[in-house]
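Chemist: For reference, the structure I am asking about is given below.
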Amino acid sequence: MDVCVRLALWLLWGLLLHQGQSLSHSHSEKATGTSSGANSEESTAAEFCRIDKPLCHSEDEKLSFEAVRNIHKLMDDDANGDVDVEESDEFLREDLNYHDPTVKHSTFHGEDKLISVEDLWKAWKSSEVYNWTVDEVVQWLITYVELPQYEETFRKLQLSGHAMPRLAVTNTTMTGTVLKMTDRSHRQKLQLKALDTVLFGPPLLTRHNHLKDFMLVVSIVIGVGGCWFAYIQNRYSKEHMKKMMKDLEGLHRAEQSLHDLQERLHKAQEEHRTVEVEKVHLEKKLRDEINLAKQEAQRLKELREGTENERSRQKYAEEELEQVREALRKAEKELESHSSWYAPEALQKWLQLTHEVEVQYYNIKKQNAEKQLLVAKEGAEKIKKKRNTLFGTFHVAHSSSLDDVDHKILTAKQALSEVTAALRERLHRWQQIEILCGFQIVNNPGIHSLVAALNIDPSWMGSTRPNPAHFIMTDDVDDMDEEIVSPLSMQSPSLQSSVRQRLTEPQHGLGSQRDLTHSDSESSLHMSDRQRVAPKPPQMSRAADEALNAMTSNGSHRLIEGVHPGSLVEKLPDSPALAKKALLALNHGLDKAHSLMELSPSAPPGGSPHLDSSRSHSPSSPDPDTPSPVGDSRALQASRNTRIPHLAGKKAVAEEDNGSIGEETDSSPGRKKFPLKIFKKPLKK
């Protein structure tokens, strides 16, 4: 018990002793601090009066100067009285947390690399913040410091710009007691913002806030408008390019159609050549058949002449007559298949000249279309090359080259379609003209030969333009359409031979279309009737006169012995109208011959004296022993007109032989009459 009491007393005594020592130590420190504070205040007042004597008696200015001096002391690490560049840079990076203090550093130092307390005070007095009013300080507190809750406190204390340095230093009395800031973060934030404002002046955001906002809004509007404009232009450019590509594809299709038409022309040329070869073979075959028929007729004639039996002679004559009828039937069918009208030769030359002049104008139009096509292609290639560049799309969209190329493509497409349509229409039109006229117009000797043949002044025609060789077409379309298949070459060789003979004999006119009468009283044509008939060539009139003179009262003996049907076939005129007329007359004569043969069965084989006398006095009935001049002239004409020289002589000899087949034909009694109704079919018009 005593031990515990002693221990407690000893501890109490120790505590009292320790407290006494601490109190004595604190009193000594307070005395020392008071004495040092008094000394520092005296030194600060003396320095302030030395630097700024007019303001040294103001207590607020003294407090502000003391705050500026403390700021300078914070920045002066080596305590040499001056703040150099390194010290200020370190202070900005470490204390103010500026990562790029270049602008602030240049603003703080300027041209002076060493900043003293006096320099710092003069810079503060010359600052705009030094002259701030209470309202400006409150505005700075709200906008820059962002502490609007202390606005009333600042207004009550009437803190102006002179008190700003006191806010920039760590002063618990000022911030805690006077401003009543209990939050440490608010005190630190206010200190840093005030320090930045004192050292570097008013913040730029407070002065240029509205301007920057306006510039930002304008920039955003311009950017959005530019993006929208670029989008619209890009879409318009794409649509325009699509349209141009469609037009270009249409131009390619028109060009392809022109190529297809050109290939069709090539095929037509090949078919034309094939038809020409087949036509020559067909002509040769027909000539061979005609020669065989003539040989058979000659054989029957020889058999008839060497037979003494009257029935055998009559039988041979009937067989020969049947062959003649068959030949006449074929000739009639060929004549019925052709038109009865033929244009004159001069019309053919004028139409050929018209075709050549039209070809010249077509070539000019085609050359213009080719030039437009090349220009459009070059423009399209340039547009494609520009699109491959970096700003090619925008350049093409803003320039007028796209519209120009589009217009050129449409113009070239229209011109090419017009040229194609003109080519088709011209080929069809001249084919129809050839069909109606019956001669060839596209295939002609050329414009120079036609001008010379028609005696036209060459200066009227002008100079022909050469065809372009740089175009995509391989051959000249106009040279090909001159070799287009003519409808005349598809027809029978007899028509072509007749057309050829008509071209070589331009003096042949149209024959009379008057039908021959079938009456027995009209044995011969009177002079007045012959004057009413249209003028005929000598060969045509001779053949027609023979057919008409053969139909007399004793026409059976005249037909069989005087004028043989085989010879009349050779003597038929070239004009289809006169040939039909002669065939009808010959057909009617054959019917009358059979009728007279039945009426006079007792006639002698050699014929009556009246028949011989009439034969000798008739100018149209040549003597059997004398060759017919009509046959000779016909043979010479055929030899001149035929295109195959070695067949011309054979044709002439065959015609002379065929002309003498029926000269010795005699009639016999009791023979049946052959119905020849097939020769009386109506003519096709």
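Backbone N, Cα and C atoms are what each Cβ position is placed from, and that goes for glycine too.
Below are the features listed in Swiss-Prot for this protein:
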{"type": "COMPBIAS", "residues": "490-499", "note": "compositional bias 'Low complexity'"}
{"type": "COMPBIAS", "residues": "515-532", "note": "compositional bias 'Basic and acidic residues'"}
{"type": "COMPBIAS", "residues": "608-620", "note": "compositional bias 'Low complexity'"}
{"type": "COMPBIAS", "residues": "655-666", "note": "compositional bias 'Acidic residues'"}
{"type": "CARBOHYD", "residues": "Asn131", "note": "N-linked glycosylation site"}
{"type": "CARBOHYD", "residues": "Asn171", "note": "N-linked glycosylation site"}
{"type": "MOD_RES", "residues": "Ser257", "note": "phosphoserine"}
{"type": "MOD_RES", "residues": "Ser512", "note": "phosphoserine"}
{"type": "MOD_RES", "residues": "Ser519", "note": "phosphoserine"}
{"type": "MOD_RES", "residues": "Ser521", "note": "phosphoserine"}
{"type": "MOD_RES", "residues": "Ser523", "note": "phosphoserine"}
{"type": "MOD_RES", "residues": "Ser567", "note": "phosphoserine"}
{"type": "MOD_RES", "residues": "Ser575", "note": "phosphoserine"}
{"type": "MOD_RES", "residues": "Ser602", "note": "phosphoserine"}
{"type": "MOD_RES", "residues": "Ser608", "note": "phosphoserine"}
{"type": "MOD_RES", "residues": "Ser618", "note": "phosphoserine"}
{"type": "MOD_RES", "residues": "Ser621", "note": "phosphoserine"}
{"type": "MOD_RES", "residues": "Ser660", "note": "phosphoserine"}
{"type": "TOPO_DOM", "residues": "235-685", "note": "topological domain 'Cytoplasmic'"}
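Walk me through where these features lie, including what they touch and how far apart they are.
Modeler: Sequence-distant neighbours of Asn131 (N-linked glycosylation site) (same chain, six or more apart, CB under 8 Å from its CB) are Gly161, listed in sequence order.
Cβ neighbours of Asn171 (N-linked glycosylation site) (same chain, under 8 Å, six or more residues apart in sequence): Ala67.
Counting every protein chain shown, the number of other Cβ atoms lying within 10 Å of the Cβ of Ser257 (phosphoserine) is 14. Ser257 (phosphoserine) falls within a helical segment according to DSSP.
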